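Reviewing the structure listed below.
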């Protein structure tokens, strides 16, 4: 069963705050899952010969090796599906399975040097701002960045490789 924020006792809440939060999230989804961002992600994945699911796992591996079990829990995938995605990463040469350091029964997945290069290439393209961001002035972009950084701080599941690398002075409202 899928549970959504803003729902209590099976009934949707339609307060101004809940509606505002829902529509804010809808706008963020539209920007990240549609339009230029969506097209660019698929173009990048095709260029580096990875599926979007494999690219997401590679982003998580950027911060260090992960046990297979942790990847299964993080992505909420069926173990056999995740195994097939890791197989893709290994065939592509961007990740490798290694013995778990403390559990002989388990495996970890680590990014290779090739994986670091592929991820850097992909992020270089993915992080080019879409044309639509140009409707905001530099001051508005700075304000938006500060707000998004606050939201990201409350969302630990976002891979480190996807988090903005900005000086602290850029994330404080002026």
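Note that Cβ sites are derived from N, Cα and C of the backbone, with glycine treated the same way.
Under the heading domain 'HTH marR-type', TrEMBL lists 17-153.
Within the model, the domain 'HTH marR-type' (17-153) shows a mean pLDDT value of 91, rounded to a whole number. DSSP labels the residues of the domain 'HTH marR-type' (17-153) in these numbers: 97 helix, 12 strand, 28 coil.
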